[in-house]
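Positions annotated as active site, proton donor by Swiss-Prot, on the basis of sequence analysis: 22. Residues or ranges marked as substrate binding site in Swiss-Prot (evidence: sequence analysis): 83, 103, 137, 138, 139. Annotation source Swiss-Prot lists Mn(2+) binding site at 135. Sequence annotations record features per position, and here Swiss-Prot assigns active site, nucleophile to 156 based on sequence analysis.
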């Protein structure tokens, strides 16, 4: 069941700009209390930018679009919460589970609710050991079939970025750089992977979104927004940490859904919190840019 908060429903119906937010960053992406503070601060960024935030999560089997502060607090602290991807939504509903929604599940809920723009930190993608594990995130399949706009700082740096970009190409997903001509690399802004298309204003992007909708192309538009320059980390240092984290994951036999949370936690601890600080900064930055895009989209409808 999908339940839209009254203030979010009113915003959608009156053509106010709305920005969706995921909740696995709360349940599995950051430690407490950084997860709670970040979730509330990101919502505040969107409000101050003139848009309406709609954090999405699952509580007792109900897909909630527009979590209350009390519900966000619950997801930030509760134990045994599930990481809920698109394929898990029906099970979560049937078994009355609670948990954070991944990019794919949040995209689905956003689209069903009528929200056009979704901001996240980084998407999932092709894992570096995919040749052996076949570990490819459902996020990529969702991007290839759900027509909303996703603002991110690229794919998480722990992934195989060239393979992820190639997979998106295969799925026919338009990747647009926002004030960049390279696919962002999450912790460090420049991956060296050139993008075919880029824009410099929210208005340009809004026009592309409108044309996509007019043509009825049922695929997402992925907006690559680099982390703030002052918060971007040095590539060599990050890559060393990632290699060590991947080795530790193998030693600990970490697999499937547990891989990404394990790696992010390892990086945060072994970078003395630097990766966590960058993660927080880029999520806020993406929320701000998402708000500008949502406002540009709605401006043409009023």
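Including glycine, each Cβ sits where the backbone N, Cα and C put it.
Keep in mind it's a predicted model, so treat the numbers as computed, not measured.
When other Cβ atoms within 10 Å of the Cβ of residue 139 (substrate binding site) are tallied across all protein chains shown, the result is 28. Here the CA atom of residue 156 (active site, nucleophile) lies 12 Å from the CA atom of residue 139 (substrate binding site). Of the chain residues outside the substrate site list 83, 103, 137, 138, 139, 85, 86, 102, 104, 105, 123, 124, 142 have their Cβ within 8 Å of the site's Cβ mean position. Other C-beta atoms found within 10 angstroms of the C-beta of residue 137 (substrate binding site) number 24, with every protein chain shown included. The shortest Cα-Cα distance from the residue listed as 'active site, proton donor' to any of the binding-site residues (83, 103, 135, 137) is found for 103. Comparing residue 83 (substrate binding site) with residue 135 (Mn(2+) binding site), their Cα atoms are 16 Å apart once rounded. A gap of 12 Å separates the Cα atoms of the residue listed as 'active site, nucleophile' and residue 103 (substrate binding site). For the substrate site, whose annotated binding residues are 83, 103, 137, 138, 139, the maximal Cα to Cα separation is 13 Å. The Cβ of 83 has fewer other Cβ atoms within 10 Å than any other of the recorded positions 83, 156. Taking Cβ-Cβ distances under 8 Å and a sequence gap of 6 or more within the same chain, the neighbours of residue 103 (substrate binding site) are 22, 118, 120, 123, 124, 137, 139, 142, 150. The Cβ of the residue listed as 'Mn(2+) binding site' has 20 other Cβ atoms within 10 Å, all protein chains considered. Residue 138 (substrate binding site) falls within a helix when secondary structure is assigned with DSSP.
Neighbour counts were taken at the CB atom with a 10 A radius for the recorded positions 22, 138; the maximum falls on 22.
In the three-state DSSP scheme, residue 103 (substrate binding site) falls into the helix class.
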